[in-house]
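> The Mg(2+) binding site annotation in TrEMBL covers A:E45, A:I339. For A:C64, A:C372, the entry in TrEMBL reads Ni(2+) binding site. What TrEMBL records for A:117-378 is domain 'NADH-quinone oxidoreductase subunit D'.
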Amino acid sequence: MAEMWISMGPQHPMTHGLWTLKVKVDGETVVDTEPDLGYIHRGVEKICESRDFTQITTYCDRLCYASANTWSHAYIYAAEDLLEVEVPERAEYIRLVAVELQRIASHLMWLGAYGPDIGNLSVMVWCLREREMMMDLLQELGGSRMHYNFPRVGGVKRDLPHGFAQRARAKLKLFLNRIQEYEALFDESTVFLVRSQGVGYAKPEEMVNHGVTGPNLRAGGVNYDIRWAHPYSVYSELDWAPPVERSSIKGADCYDRYRVRVEEMRVSASLVLQALDKMPGGADTYHEPEDPMILAKAPTRAPEGTTGAHHFEDSRGESMFYIAGGGEGRGKQPYRVSIRSPMFITIPYAAKCMIGYKVADIPAIMGSFDPCIGETDR
Amino acid sequence: MGNTVSPDSQKSAAQAVADAASAIEGVEAEVVERSSGTNPRNVVVVSASPESWRFLAENLYSEHAVDHCSMVTGIHWPDAEAERRWEVVYHLLRTGVRDPPIENGLVRPMMANPTKLRGASVPIELEIHVHIPDTTTPSVDSVQDIWVGADWNEKETWDLVGIDFDGHQGMRRVLQPHETPQGFHPLQKQHHLRYHGFEEMYDDAQGFMRKPADVGKIK
Amino acid sequence: MASSDWMDITGWSESFCSWSMDNVHDILPSSDIDMEVTIPSTWAWQNPITVGPIFNIQSGFASIQPALESFMHATIMCTVVFGMMMTTMLAIPYIERKFIGRLMDRLGATTTLRSLWVGESGVTAGEWWNQLPFGMGTPIGWAVNALNSTWGNSHELETVSRVNNRSYHGYWFLLPGFFQAFADFMKFATKEHIVPRNADKVVYEVAPVIILATTVMVFAFVPFGPHIYAANPELSLIFMMAIFGVAPLGVFFAGWASNNKYTLIGGMRSAAQLTAYEIPLLITVLGVAVLSGSFNIIEIVDFQMGQDEGNVWNIFLMPLGALLFLVTMIAEVERIPFDMPEAEAELVEGWWTEYGGIRWGLMFAAEYMRAYAACILFALFFLGGWEAPFQHTLSDLPLVGGLISFVFSLIPGVSWVLLKAWGLFAVFVWIRASLHRVRTDQILEFGWRYLLPLSMVNLVFAMVLRLMFWTGEPWALWVPAAVTVISGGLFVVLAIDEDKEALEVQRRPYSTQTVIKASPGSHRD
Amino acid sequence: MAEEGQNYSVFNSRMLVDVVGDVTDEALKASRMKDIIGVLAGRMFNWGQRKSLFPLHLGIKCCALEMAAAGASRFDAERFGVFFRSSPRQCDVLLVNGPVSKKFADPIVRLWEQMPEPKWCIAMGECAISGGPYFQSYNILEGVDTVIPVDVYIPGCPPRPEALIDGFDKLRQKIIRIGAAPDDAIPASTAPMIPGDE
């Protein structure tokens, strides 16, 4: 069979979002790949240069739409670094609850999209059913289903609503034994194991050099995690450890990446439960929105020459914001906002991982890296 | 190992790298302590001249095991003084990630204990500013072959900000449409957002005018 | 002796044809018609010429009457079987949509016919019946208003009309969602027909015809009941299997003709997969034929039902054969987990990406027909066709035996066949909801390396069973019991024989044994 | 009825089909049968079209997740015959659920062309209606109707799955009026139907 280029075009069930993967195919085997991104490039960095610091949070919610909270928090930490603001303890705990719930919702969205990639449609509906539970909790915090605009520079917009802790504990308990349902559907089905094990090898050292971090890296048997390497928030007070998967000799494959994310959901659930128990001032007390317990006074102008940068553990890897202060309005608007998207760097690496495998493995490998195109194209 | 890297071990490691880096001519490095909420963070802030940047990068990669290039940012300072018109900011990380050892056919995962990390294995954070004097074609040496992670970030920086990277293979537009006219780099300060004193769509090959009014269109 | 029940459609149609033909024969004039004309001799020719036949319409008709009867009988039977297949097949998409919806914890389609008069959330099509000429619309208007007042918008109860207003929540007894298949098919019929510009036009049009024709032809040999079949040749099993295997040719044509890379790969995959699974399927079916002693499907079922013949369903005699038949049939009709040719994930829609409108609708229906044929065949070969479960044991019960056997005699055989087929289709849907898609080379490897030898073993086992253990009269009870228990035990031992030690040590129990990656590209090993 | 360069004398099936077609059409029209069939069949096929709207499996941005949530078990869109297909040939509704960038303008027009008639377009979310939060961006078109005609707009960023299902309901209302009797039963205003505003 002559080699031919197939373009898995912008609209394609395999791409979770809009991008094109040009694949050179010899029969059923992939010989060469070339990703083509930029189909939903909205120039968020350019728009942020003419927005105030609070207005930018809404744009950061819409970067990676599957995990809106993690991205708006990543931006807010960088903004607090720029404006030098001390965040009260209780606000940090509330932020941790919001971020970890969002991480579970993001992994559920990934697991739901990974099922149909390999051919099982009922997983998508099950995972979205559980994701609705998480979105209900986040809706109580942020007010809307997907984009919450929840953190503020110096704290959070609102305190936990009444009865939130009790509802959260109930839903997380139900969720923890729902995970066994997914594991039964995935781990005990030989078809899934045969389709995902030994497919898409990636060695940890090579991944770090290629800029791949997060669950994809931890699938290779290394426990590197921004939350403990460059600590932020209150992760040091809680008892947790990033899950690590014992990969195969040739490196992490799709099965390991699936295992790591399922474990990570359990770790995030336990983190939320611990945070609700250890919340200073108790999880059931309620403070008014502007209360100093949850929102510190913060300056709104950043003088010329000041900069703020922060690394953050997003559900897909290491996300980062770099903000140079001193824009228009005497510093009310940033001069330059630069966004590091983990998937913008992982997708080309994942495309290289596919070489040598079958056409049917392309969605399995690409899906296991959990691409989210909103953050990739910014 | 539920807790995190101790700040003082990170500070001493950062100080070691800062001293080694400022030993190179054309490079000044110092450790800045930034507190993000509850945890103090020690960042090695380095400002390097364009000529010394490539040597500094190789030195960091080989001697100090800085194995991860987090981000490359290009900034355009049109009204700064002459030799600081363009700036490229590199964010590098030392992650200390090794391939896990293989014992009797099984991989033993490397579970680093954050509290016991000392010296060269403590993860540190670097922020390197490279200022480029005023030219119409700003360019810096590419580090594509040292950290492959920087490859697509360099492509994006050229695409959006217009700073070129010498020695970069396969430089092309990644985010903007392929038929964007040459020399159009939107993040440069002379371009403004629409409705901020700029009415029509940018000069684009596809000729998209503003949205036609809904006159006479039955919905 | 051949099984039979009161619904003897072939008998009725035969008697009807012969009765009507005899009447026609009697009506025809029986006297000879002498149309002989003698032309007297004239100067041009000497002796007189007689022209024109003497014939008798009735005897002429009598000579062609048997052919006419068989032709009429065949037409009637074909229409009856096709009609029965199409009507009973309507349950298949309904089972698929509803059962997969329930497995996915959701409601599935709830479309009903009510929105014809109720309209969409209060918006109706106005008095559309007034557009009909000659005032024909008024009765429709009355009917619509009557239905509206009982089940529609203008119901006096505010809440009822508000709920009805929504017009898509069907009443439970109206089988909500049953008409979704109708709606889909009617929409397919009204879609524009697009042929890709540089597609191979002739082959593009012929491919759906091949698929549909062969799929419908399969039902010619499938008996729905003891006396409900379109054709019953001596070797009906072989005929049917031959025709069943032709449809993949159409699939390959469709894949090739659409001039689209995805469909080309999809078409090639389906060709490779179906050749890999045709052989184990035929060998398994051969095993059934050997065990039941005949190539005629009706005789196979009679052997399973017959008091004096086998009297044991084949599934208890050949559980391995049943499992093999199920797996190969799923691969044959291309349902998940052997769904590679139209794998949404990487081939957009596989071989039928370029088909839209009625051609795609017909191929969609053809795929359901093939799945339905597979279910009926499984019911006929392994589940004793039109015999009610425990039919004879129940009717031999002391007290209620008589009543039960009376009830069984009332129920026609075709209802048992349909119940078993629909139940089996539910198993197909269950498998579809729980398994992932197997990769193409793994499908082929699984087909050649596991299914083929297993079907050989099954064939040998069937021969041994037939020759050594069968003594002419019904099976001794211990034979099927022993076979089922042994194969059940074997299956349990093999299935859960996890490599315990491997799981503890987290060694990878299932690292793929696929063929070493034929990777001309640079593969980092 | 014959293209140029057609040999009139040669009898071919194309000519026969045309002739027969026209004759029967005239006969049906004369005997008003065409109206009867047209009206009755029209209502049935209209019902068929309304009840099975297949949107294209196209996910641009956040609204794609709300589309997936609408397809999942809590807000089951399949109750109303909405079944996601991934090939444009087999779809009737192009559900645009995100911003259309300049790079995606050509592909989305090609998708629209590949869909067979009768087809509709639903602009879901602010980005598809008017460019949304990115309306000032250098790379985003202000709304999908710069490139393709849109039938139903669903506001919201992202609109809730119920709003999406209500959007399909608005589309069904629009379809039911196709070929309906032009009497006063139909609301006169032809303003765009924004779900949730009345």
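Including glycine, each Cβ sits where the backbone N, Cα and C put it.
TrEMBL does not curate its annotations; it predicts them automatically.
What you see is a predicted model, and the numbers here were worked out from it, not measured in a lab.
Have a look at these and tell me how they're positioned relative to everything else.
Note: A:E45 (Mg(2+) binding site) has non-local neighbours A:R336, A:V337, A:S338, A:I339, A:R378, i.e. same-chain residues 6+ apart with C-beta under 8 A of its own C-beta. Secondary structure at A:E45 (Mg(2+) binding site), taken from DSSP and collapsed to helix, strand or coil, is helix.
In the three-state DSSP reading, A:C372 (Ni(2+) binding site) counts as coil.
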> Using Cβ atoms and a cut-off of under 8 Å, determine which of the binding-site residues A:E45, A:C64, A:C372 neighbour chain B, and list them by sequence position, or give 'none'.
A:E45
> Residues with Cβ closer than 8 Å to the Cβ of A:C64 (Ni(2+) binding site), same chain and 6+ apart in sequence?
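Correct list: A:T70, A:W71, A:S106, A:D314, A:R316, A:S341, A:M343, A:C372, A:G374, A:E375.
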> Taking each of A:E45, A:C64, A:I339, A:C372 in turn, which of these binding-site residues have a Cβ less than 8 Å away from a Cβ in chain C?
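Out of A:E45, A:C64, A:I339, A:C372, none lie under 8 Å of chain C.
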> Including all protein chains displayed, how many Cβ atoms other than that of A:I339 (Mg(2+) binding site) lie within 10 Å of its Cβ?
24
> Three states by DSSP: which one describes A:C64 (Ni(2+) binding site)?
coil
> Over the domain 'NADH-quinone oxidoreductase subunit D' (A:117-378), what is the model's average pLDDT?
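Averaged over the domain 'NADH-quinone oxidoreductase subunit D' (A:117-378), per-residue pLDDT gives 89.
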> Take the Cβ of A:C372 (Ni(2+) binding site) and count every other Cβ within 10 Å, whichever protein chain it belongs to.
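That number is 26.
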